[in-house]
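**Student:** Grabbed the feature section from TrEMBL, which reads as follows:
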- 20-43: transmembrane segment (TRANSMEM)
- 31-442: domain 'Cation/H+ exchanger transmembrane' (DOMAIN)
- 55-72: transmembrane segment (TRANSMEM)
- 84-101: transmembrane segment (TRANSMEM)
- 113-137: transmembrane segment (TRANSMEM)
- 149-168: transmembrane segment (TRANSMEM)
- 218-240: transmembrane segment (TRANSMEM)
- 261-286: transmembrane segment (TRANSMEM)
- 306-323: transmembrane segment (TRANSMEM)
- 343-365: transmembrane segment (TRANSMEM)
- 385-403: transmembrane segment (TRANSMEM)
- 415-437: transmembrane segment (TRANSMEM)
Amino acid sequence: MTVGLGFAVSKLQTLSTSDHASVVSMNLFVALLCACIVIGHLLEENRWMNESITALVIGLCTGVVILLISGGKSSHLLVFSEDLFFIYLLPPIIFNAGFQVKKKQFFKNFITIVLFGAVGTLISCTIITLGATQLFKRIGIDNLDIGDYLAIGSIFAATDSVCTLQVLNQDETPLLYSLVFGEGVVNDATSVVLFNAIQSFDLTHIDSKTALQFLGNFLYLFAASTLLGVLTGLLSAYVIKKLYFGRHSTDREVALMILMAYLSYMLAELLALSGILTVFFCGIVMSHYTWHNVTESSRVTTKHAFATLSFVAEIFIFLYVGMDALDIEKWRFVSDSPGKSVAVSSILLCLVLVGRAAFVFPLSFLSNLSKKSQHEKLSLSQQVVIWWAGLMRGAVSMALAYNQFTRSGHTQLRVNALMITSTITVVLVSTMVFGMMTKPLIRYLLPNPKHTTSMTLSDPSTPKSFTAPLLGSAQDSDFGVIDVPRPNSIRALLTTPTHAVHRYWRKFDDAFMRPVFGGRGFVPFVPGSPTERREPQWQ
């Protein structure tokens, strides 16, 4: 009895110590997040630094301090978890990007975005896979199978759309932001789909049937994920429009918007679809319909709530990655062969550079062939910026690498540890070096970017996507506030398909969608319900 009681007390003390250590770790981590925000604000005007790089540097410095204090046993407060990243941190970032994006600019370049994001990712993945297969064997790495090489291709084909938000400005370079970030979202989704397909398919017997199944699976995931996001956004708009939550409590409609946005991501994960695509398109639909159906105070609240959640999640990710980069367990495996580790990292960096160039410039050339107007075509300077801005690798690559080469965050094989440390090196170098040089490169190649002249609507709580940018011509308005001339012939429809499709979509939207799901100018006045202020129309 005494022995049993002593064991129970000892167990409770152990748990208490563990809980205390967790509380201390969380306190330090929150303090570091605050430090990142303060230092990032002080470096706001710095041409080299941004908040993501600042968080990464602070994470690295903190890891070094913890490593010294612990006597070389540990370097992080929290262990990198792919579940934490994909389930809790990534959704608010991608949703807010869809919620705030300039939709007219995004859909105007949708074909180019899909070309870069889907076809370009496949090209990059193929080049990285073939290059790694040939070059790794020359430096003595022969323990990887075809599945590992294909996984490496998908891991390093994944760009860092989070860092893109930091280095590109949606107002200063709307076209580049739309292309690079839109490509980044599709690219991340494509990379994750590729990675999951590689793990689920039998790669020992690859034939034409397997390739067709792979392609069909990808197209199904892309279409189904997009449709799920659209349907979830429309459901939220319909429910809020019909039930008028704002009559009694604005808290309920704000909570419903946040929960429905997160539900779209979790439903996609539950159905084995791409949560990234789903939550992105859910954000676009909710900004177009749902946001207009809530009260004025709820508009202000949701706009800032989504932006704040996204901002904190971005800082959290880079601080998290920076601290985990010095994980001593994985670096100990490669400490006796630093030359091989440097060689692998250098090879992967070179393949990332070549793989991205192999699709950006050819696909830009094809995209330019379809553009009639000279100002709509991508210049060589813009192509270089697109190529450079997409070179950064981030937490998506880290999460996929941990999934492939570790078990519960730990690795016992030397080659797996080598791949993890090489991934960390590529992420750090690409984010810090390429990320720091992106702003100066844009200023050098595009010294006078076309700044957006915005006609902000009368609603002060309007999110970014509800401004009407004048990008030099009437057809560049964000929501079609400026009327697009009717195509008067089949020839006009073929020569200006973007304008024609936009006009027909507006007619369909006004006639069928907005009367049912609400939206700007289509919310009926009911006492206590959300109302729309009369907004100026520019003809």
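Placement of Cβ uses the backbone N, Cα and C atoms for every residue, glycine included.
Describe the structural surroundings of these features, if you would.
**Tutor:** When Cβ-Cβ distances below 8 Å are used as the criterion, the transmembrane segment (20-43) is approached by residues 49-51, 54-55, 58-59, 62, 77-78, 312, 315-316, 319 of the same chain, each at least six residues removed from its ends.
Using a Cβ-Cβ cut-off under 8 Å and counting only residues 6 or more beyond its ends in the same chain, the transmembrane segment (84-101) has close neighbours at 161-162, 165, 170, 178, 181-182, 185, 261-262, 265-266, 269, 275-276, 279-284, 286-287, 291, 306-307, 309-310, 313-314, 316-317, 320, 395-396, 398-399, 463-465.
Here the transmembrane segment (113-137) has Cβ contacts under 8 Å with residues 106, 144, 149-150, 152-154, 156-158, 178-179, 182-187, 189-191, 194, 218, 222, 344, 347-348, 350-352, 354-356, 358-360, 363, 366-367, 386 of the same chain, all six or more residues outside its ends.
Beyond its flanks by at least six residues, the transmembrane segment (261-286) meets 86-87, 90-91, 94-101, 103, 106, 185-186, 188-189, 192-193, 196, 221-222, 224-226, 228-230, 232-234, 236-237, 306 of its own chain at Cβ-Cβ distances under 8 Å.
With a threshold of 8 Å between CB atoms, the same-chain residues lying at least 6 positions outside the transmembrane segment (385-403) that come near it are 80, 82, 85-86, 89-90, 116, 151, 154-156, 158-160, 162-164, 167-168, 173, 176, 179-180, 183-184, 187-188, 191-192, 195, 317-318, 320-321, 324, 352-353, 356-357, 360-361, 364, 378, 409, 419-420, 423-424, 426-427, 430-431, 434-435, 437-438, 441-442, 445-446.
Here the transmembrane segment (415-437) has Cβ contacts under 8 Å with residues 48-50, 52-53, 56-57, 60, 141, 143-144, 148, 152, 155-156, 160, 163, 166-167, 318, 321-322, 324-325, 330-331, 333-334, 340-341, 344-345, 348-349, 352, 388, 391-395, 397-398, 401-402, 404-406 of the same chain, all six or more residues outside its ends.
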**Student:** Which residues, given as numbers and ranges, are at least 6 beyond the ends of the transmembrane segment (306-323) yet have a Cβ under 8 Å from it?
**Tutor:** 29, 32-33, 36-37, 40, 51-53, 55-60, 62-63, 66, 75-78, 80, 85, 88-90, 92-93, 95-97, 99-100, 162-163, 165-166, 258, 261, 394-395, 398, 427-428, 431
